[in-house]
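Here Swiss-Prot flags Gly15, Pro16, Ser17, Gly18, Ala19, Gly20, Lys21, Ser22, Ser23 as ATP binding site, drawing on sequence analysis.
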Amino acid sequence: MSAVRENGVIVAIDGPSGAGKSSLTKLLAKRLGYIHIDTGAMFRAVALSAQRAGIKSDDDAGLAELCRGLEIAFARDGETCRVLANGEDVSTKIRTEEIGLLTSTISARKPVRQALLEMQRKMGAKGGVILEGRDIGTVVFPDAEVKFFLSASAEERGRRRYLELAARGESATLEETIAKVIQRDRQDEGREHAPLKQAQDAVPIDSTSLTIEQVLELMESTVKERLAQGDKG
């Protein structure tokens, strides 16, 4: 087994909406001392910027120009990580249901995927990073040393999302939230460019009946095992 990269390994966590990727990535990054790159937040930042600029989701030329002038960064703020779009903190603004659905459409556009692909590869090239999204292990970093595919039933993912929305004071019914999760799955799995699918060498984890701590321990032990193999290589 070859040695790991300059700063460690690249960990790719893929899976559908609501599978718990963001929460687990943050916790795993903290335990390993790695940098968390939230690729979903990057696409959401593009969607928010496009909405503000009045750029339609099928306007490839407009989206390409938007991405050229958009700088996305992550800033650690204590236990949380803020998402910045051209210096503005958009961490909360990008998490609405409206932006979530728009993101699924815009993220399927080739100019957007290409622009963010380049950003993500630059951010993670030296290792010591955890990236989560829908095509990290298949497209962004197919050579990532550790890959996970995190899933859960649509009902469980909808329930988790419903609780998140309720905690933020957003009005939605459980049935509506589950329906939107299923709709998002169809969009993500059916898009032309980089559809959601499990990498052949990814470790599959169904978190439907597992606690966050159980999933976290499984992920941490897998990464540490890979690091140990690299040290011997």
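Cβ coordinates come from backbone N, Cα and C, glycine included.
Close to the recorded ATP site, the chain also has Leu24, Glu132, Leu150, Ala152, Arg157: residues not among Gly15, Pro16, Ser17, Gly18, Ala19, Gly20, Lys21, Ser22, Ser23 whose Cβ is within 8 Å of the site's Cβ mean position. With a cut-off of 8 Å between CB atoms and residues at least 6 apart in sequence, the same chain places Gly100, Arg157, Arg161, Val181, Arg184, Asp185, Asp188 near Ser17 (ATP binding site), listed in sequence order. The Cβ of Gly15 (ATP binding site) lies under 8 Å from the Cβ of Lys21, Glu132, Arg134, Phe148, Phe149, Leu150, Ser151, Leu196, each of these being in the same chain and 6 or more residues away along the sequence. Of all Cβ atoms in the protein chains displayed, 26 besides its own lie within 10 Å of the Cβ of Ala19 (ATP binding site).
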